[in-house]
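> When I checked TrEMBL for this same protein, it listed these features:
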- 12-33: transmembrane segment (TRANSMEM)
- 45-62: transmembrane segment (TRANSMEM)
- 69-85: transmembrane segment (TRANSMEM)
- 91-111: transmembrane segment (TRANSMEM)
- 123-153: transmembrane segment (TRANSMEM)
- 159-181: transmembrane segment (TRANSMEM)
- 193-215: transmembrane segment (TRANSMEM)
- 227-244: transmembrane segment (TRANSMEM)
- 256-275: transmembrane segment (TRANSMEM)
- 287-306: transmembrane segment (TRANSMEM)
- 311-329: transmembrane segment (TRANSMEM)
Amino acid sequence: MRFNRIFQQFAAITEAIKAFPLATVLLVVLFFVNVAEISGTVANYEKWLATLVVAVFAASVADLFAKHVITYSIAIFFTGLFFWISSSNDLVLAIQTGVVVSALMMGFIWYGKENFSARFFHIFKSILITAFFSIIIFVGLMLIYAAINYLLFSINSNIIEYIAAIVFGLFTPLFFLSLTMKKEEPAHILEVLLSYVIVPLTMVYAVILVIYIALHFTDWSENLLEPLLVYFASTVLIVYFLSCRLNNGLTKWFRLIFPKVLLIIVLYQLVVSIMKIGETGITHGRYFVILFGLFAIIIALILTFIPKKQWLVAPIFIGFSLLSVIPPVDAFTISKNNQENLLQERLQSLNMYDGEVQPNPEISNEDKQFITEKFDYLQRMDYDIAWLPDQRFEKIFGFSPQYKDYMNEVYYTVNLNGDEPIITEIDQYDYFVQVSASQNSMHRRFELANNMQLRLQKDKLVLVKDEQELLAWPLEELDTLFTSNYSELSVEEATLIAENDRAKLQIIVQYAQSHRNQRYAELFVFVQVKE
């Protein structure tokens with residue numbers, strides 16, 4: 001019975017080809033472009049690949065809504081527009097492609113406007129099933145290839161790329177389209193996973209973020225949430241729409257509360273991100289964080305006050321997506337202009353720019369770091385800056401690149417001179433302990449005698465008797481040894497003393513290192529108890 005269902009599903013691919021004719025033709029074109037790239041080199045392959053991927057998605061949406069010359073014309077125009085605005089920079093091209101494909105996928109889901117969440121669930125389930133089958137088929141074919149290659153005769157390794165092109169370039173999208181045509185069926189495993197795993201984990205994660213916000217609410221310099229904002233908001237919205245068909249108590253509570261939780265978290269981080277613009281300007285990453293934050297706030301308000309209009313997420317998402325990639329208001333034009341202006345203004349304030357850059361090696365380290373950061377960003381994004389000459393950094397500005405972390409990432413290391421024997425009087429000491437000490441190490445205890453312990457805590461060594469502290473030695477005392485990046489010490493130089501009227505510690509440092517105020521050391525510790 002199950003075999004028949006699988007066979008019927010594969011047979012449904014034929015129906016998908018009939019239902020999505022333009023998308024199928026473009027998939028075949030994409031396949032042959034991939035084959036040509038495997039066989040040789042296709043000029044501007046990445047750009048053609050991205051354009052064809054966008055074309056396939058646009059054609060799928062056009063085929064879905066209406067197989068008409070008007071919808072096809074819109075799809076062709078949309079694809080041509082993407083080709084025109086797409087960048088030759090691989091990073092920018094990947095982001096542009098991801099944003100446009102996400103918008104088109106949302107349009108594909110929007111087809112189920114009258115029951116948006118059910119359509120969303122159906123598409124999501126189809127993606128999971130497609131990924132599962134595609135991976136299984138590809139792995140199976142790879143095992144067959146390996147068996148033939150090692151047991152029978154050698155096969156050209158390019159066959160792997162051809163197999164990948166067939167499986168992921170032809171089978172996967174057609175199989176996915178065939179699944180979307182099927183009548184919606186229950187997905188009990190996914191529903192259980194949502195109810196008892198995904199929803200609870202999302203709730204716990206949100207609680208952690210809310211606690212973080214509560215602890216740092218008045219410290220607007222904290223910006224740790226910004227990299228997580230898009231991921232968290234995306235996760236909450238996806239889980240929300242997937243859980244709409246579930247009616248147990250936990251998922252109902254999730255749908256009631258979490259739009260409001262999302263609103264709080266996103267609003268907080270949005271304010272922090274906007275305030276950060278004054279310090280570092282607008283990069284494409286911050287642009288997307290702010291734009292997605294605005295989107296998440298709007299959707300959270302819709303889900304809170306008019307949840308029956310949840311289908312509005314599709315047109316709003318599509319609108320924001322197009323806004324972010326179409327010049328002159330796209331993320332990359334805005335970030336280029338902003339970062340270029342910040343660099344130019346700083347150079348002018350330093351008398352290093354009067355129509356062309358004037359090198360000046362005498363400026364402060366802070367200014368050097370600022371110039372390096374902005375220049376690196378503009379170069380990394382392949383932005384064309386007319387007034388910056390095409391020369392090495394040192395030639396343009398008169399100094400080597402300076403990075404903020406370089407001042408804090410210096411490693412200080414000391415070693416005990418291995419050629420000098422360690423000779424020390426031990427008569428006055430009661431115990432000897434060899435200790436590996438680190439501020440990141442777990443608490444350790446060295447049992448001595450008479451209810452005494454030498455404890456290695458987070459930032460100090462502590463001698464304890466009957467749970468009473470006799471003497472403590474902070475690890476920061478190691479800093480007195482760090483006079484240069486690397487040095488060898490005599491036994492006398494490597495010896496540190498901690499003493500009070502109750503105990504004495506003589507510490508001989510075998511090896512020590514400091515980095516970003518984090519310390520590590522190998523120590524010989526001699527312990528004297530005076531009581």
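Using N, Cα and C of the backbone, Cβ positions are placed for all residues, glycine too.
Annotations in TrEMBL come from automatic prediction, not curation.
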> Is it true that the transmembrane segment (45-62) and the transmembrane segment (256-275) have 3 or more CB pairs under 8 Å, sequence gap of 6 or more?
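These two segments do not touch.
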> In terms of Cβ proximity under 8 Å, which residues at least six beyond the ends of the transmembrane segment (287-306) contact it?
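Beyond its ends, the transmembrane segment (287-306) has Cβ neighbours at 226, 229-230, 233, 237, 240, 255, 259-260, 262-263, 266-267, 269-270, 273-274, 312-313, 316-317, 320, 323-324, 331, 334-335.
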> Does the transmembrane segment (193-215) come near the transmembrane segment (256-275), with 3+ Cβ pairs under 8 Å (pairs 6 or more apart)?
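Counting Cβ pairs under 8 Å, at least 3, so yes.
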> Okay, the transmembrane segment (311-329) and the transmembrane segment (91-111): do they have at least three CB pairs under 8 Å, pairs separated by 6 or more?
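Contact confirmed: at least 3 Cβ pairs fall under 8 Å.
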> Could you tell me what the rest of the chain brings near the transmembrane segment (12-33), counting residues at least six beyond its ends with Cβ under 8 Å?
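Here the qualifying positions are 42, 45, 48-49, 52-53, 55-56, 59-60, 62-64, 67, 72, 75, 165-166, 169-171, 173-175, 177-179, 181-182.
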> Where else in the chain does the transmembrane segment (256-275) make close Cβ contacts, counting only residues six or more beyond its ends and a cut-off under 8 Å?
202-203, 206, 209-210, 213, 217, 220, 222-223, 225-226, 229, 232-233, 236-237, 240, 286, 289-290, 293-294, 296-297, 299-301, 303-304
